[in-house]
Amino acid sequence: MSSGRGLIGRRRGGNTWLRTGLIIFLIIFISLQINFLSYRGSNDSNSEVNDSNAAILSMVPAVLHKFLTPRPKNMTNNSGLNGTAGANVAYSKMTLNISDIKRNIAQYNLQQTVYNEETFGPLQNDSVVIVIQIHDRITYLRHLIVSLAQARGISQALLVFSHDYYDEEINNLVQSVDFCKVIQIFYPYSIQTHPHEFPGEDPNDCPRDIKREQALIKKCNNALYPDLYGHYREAKFTQTKHHWWWKANRVFNQLEITRNHTGLVVFLEEDHYVAEDFIYILKLMEKTCKESCKHCNILSLGTYLKTFNYYGDAKKKEALRAIKQQSIISAGQVHPSWTFQVLPSLYQHSQKVEITPWISSKHNMGMAFNRSTWMDIVGCADYFCKYDDYNWDWSLQHISQNCLKHKFHAMVVRGPRVFHIGECGVHHKKNNCESTAVISKVQQVLNTAKRHLYPSYLTLTYTTLLKKTKLRKGNGGWGDRRDHKLCMSMTLR
């Protein structure tokens, strides 16, 4: 009996070792498979990025590749604050302290150097001023510059680069622009230069979600005034509106080169991309306004892609197709794909423009207006600066609905000339913020539409809102009285 028990024990022990070995083998095998798939996926992803970059470069004239190619980090910036050679400042990520940055910003703003003025001459009253709001997304900025370089009539324009982040690499890129006049201005109240004090985040600021009663007990900053949703200030969300208001005031009222300019001022951002005829179409719209639409005071060149179904229903269709094929996938996992067959119809009637009440969420991209419209806006500064909404465009909508005798009306080009290429920003964060997929798609869109650009005339259609526009409640984020005070202090009438 004892020998039988021993045999059974040995068999059990052998089975245990066999099972353990099999489990270890399976674990190793699965790990290898996962690593292999991950490696292959990584390679596929890198391959896609490389293919996308190659495709983008192939559609850009070789002479403009210089704007897309970062210089080696050991190179130096040969342009100083006065635009002359010899600064010898390395523009790899520099470790400037806040005092240095403030000093440089003050010097730029004081000098008001206009680059390339000796080449392209003084600014004319019928020239277009293009104001670009910049933070730190240099990849998108490079592509915007490339698109601007290809625009007809750009040599007569003035580019105003308005920065809220000081970076030598961005400065070098901006100062390398050689196809028109350029000036840089720097928002002086940025979070970068005020990281631990207002307008940045003061250590004694009330936490966003603290209750008002607790804030009063704690005696934190602005405890008495949360926003209309009961939240307290977040500096990162307030900066964009402050910057927009400051730059508009500076361009129309402070800069020597523009303070008496009565022509059009176009507002762009670093993650926009323009069609080659955007200046041509803008001037044609301006001429048409004078002749046929006296009450139009804003021209809109852009639209958001989904407005025109550039994505179509492709996302849902791909998800359904995958489900039918018994793939385990959801609609949210399907990457956006563009349906190009929709696009030609937009540009076949490229001479069409719509006259419509201005709506901030639809007509805020590639927006242009003149000094007359600006005087109406700045005359309603209280409505902009004290409206509890951290968005500059919603604040303009508030002005239109509550302050102006005649509300804003926009002339909107049917085939967009300004595109939004940014995949990351204040409201959107993704794993890969350097993606150039959208840029490639926009290039293809414009290439397809090429024969429809430069219309000889414009056809007007009038649209009316089916429902009376309600007075909208703000989005909040702007209840802090310090923001109201700073905004008003930047107002120049």
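Backbone N, Cα and C atoms are what each Cβ position is placed from, and that goes for glycine too.
Please treat TrEMBL annotations as automatic predictions, because they have not gone through curation.
Residues or ranges marked as substrate binding site in TrEMBL: Gln133, Ile134, His135, Asp136, Arg137, Asp164, Gln239, Thr240, Lys241, His242, His243.
Residues or ranges marked as Mn(2+) binding site by TrEMBL: Asp271, His420. For Asp271 (Mn(2+) binding site), the Cβ neighbour count at a 10 Å cut-off comes to 23, with all displayed protein chains included.
The local packing around Cys206 (disulfide bond), expressed as other Cβ atoms within 10 Å of its Cβ over all shown chains, amounts to 25. Annotation source TrEMBL lists disulfide bond at Cys206-Cys220 (among others).
The Cβ of Cys293 (disulfide bond) lies under 8 Å from the Cβ of Ile355, His409, Met411, Leu460, each of these being in the same chain and 6 or more residues away along the sequence. Marked as disulfide bond by TrEMBL: Cys293-Cys296 (among others).
Within the same chain, the residues at least 6 positions away from Cys403 (disulfide bond) whose Cβ sits under 8 Å from its Cβ are Gly379, Cys380, Tyr383, listed in sequence order. The disulfide bond annotation in TrEMBL covers Cys380-Cys403 (among others).
The disulfide bond annotation in TrEMBL covers Cys385-Cys487 (among others). The Cβ of Cys385 (disulfide bond) lies under 8 Å from the Cβ of Trp245, Asp483, His484, Cys487, Met488, Thr491, each on the same chain and at least six residues away in sequence.
Feature annotation from TrEMBL assigns disulfide bond to Cys424-Cys433 (among others).
Annotated transmembrane segment per TrEMBL: 21-39, in sequence order.
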| request: May I ask which of the recorded positions Gln133, Cys206, Cys220, Lys241, Cys296 is closest to Asp271 (Mn(2+) binding site) if we compare their C-alpha atoms? | output: Gln133
| task | Using only the residues recorded as binding substrate (Gln133, Ile134, His135, Asp136, Arg137, Asp164, Gln239, Thr240, Lys241, His242, His243), report the maximum Cα-Cα distance in Å, whole number please. | result | 19
| query | Within 10 Å of the Cβ of Lys241 (substrate binding site), how many other Cβ atoms are there? | reply | 23
| request: Sort out the sequence-distant neighbours of Gln239 (substrate binding site) for me: same chain, 6+ apart, CB within less than 8 Å of its CB, listed by position. | output: Asp164, Ser190, Ile191, Pro199
| request: Only counting partners 6 or more residues apart, tell me which same-chain residues put their Cβ under 8 Å from the Cβ of Cys220 (disulfide bond). | output: Asn204, Asp205, Cys206, Pro207, Ile210, Tyr232
| field | Intrachain C-beta neighbours of His243 (substrate binding site), sequence separation six or more, cut-off 8 angstroms | value | Gln133, Ser162, Asp164, Tyr187, Ser190
| request: Please tell me which one of the recorded positions listed here (Arg137, Lys241, Cys296) sits closest to His420 (Mn(2+) binding site), measuring Cα to Cα? | output: Arg137
